[in-house]
Amino acid sequence: MSEEKQWTEVFHAIDKDKNGFLTREEIAQCLKEVGVCPNVADKIIKETDMNSDGKISLEEYLNALRKLPPREKCVARWREVFQSIDKDGSGKVSIKELDEFLKTSGMDIDQNSLRNWMTQNDKNKDGELDYDEFLAYVRQTYK
């Protein structure tokens, strides 16, 4: 299946009322389901809604996704992202470092969701994410 076809399927899955548009509420619900602060929906609409009608059409959604760098470039840059989160340079990301990174990125995720996410992705159960665990999450999320 082509990447664009996958994106279209995701769009339709988020579009709960099947009206062909993503509303703030639909985007916020989707974000909440994956553990991201629903307020990020406002930022997504602001950056994606080209005709300023307060909702995102399939065309606007696909155009925004087409502007993203190719997947290979994205994966190659994840090490830089990991290192920017790993403030103490330990080679591991603590829950505190992750929380600080998310807050400075405008994502205020509740502590319970953050702990649950960390528990799910901390495969060796040492309380921190190493780069391999981080990359495994990225690869699973951005297949």
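Just so it is clear, glycine is given a Cβ too, placed from its N, Cα and C backbone atoms.
Swiss-Prot lists Asp15, Asp17, Asn19 as Ca(2+) 1-binding residues, and of the candidates Glu9, Glu25, Glu26 the one it assigns to that same site is Glu26. Annotation: Lys92 are the binding-site residues among Glu26, Asp49, Lys55, Glu60, Asp88, Lys92 whose CA atoms are within 10 angstroms of the CA of Glu128 (Ca(2+) 4 binding site). Same-chain residues with CB within 8 A of the center of the Asp15, Asp17, Asn19, Glu26 CB atoms, the Ca(2+) 1 site residues themselves not counted, are Ile14, Lys16, Lys18, Gly20, Phe21, Leu22, Thr23. Summary of the Ca(2+) 2 site environment: with the site residues Asp49, Asn51, Asp53, Lys55, Glu60 set aside, the chain residues having Cβ atoms within 8 Å of the Cβ mean position are Phe21, Ile45, Thr48, Met50, Ser52, Gly54, Ile56, Ser57.
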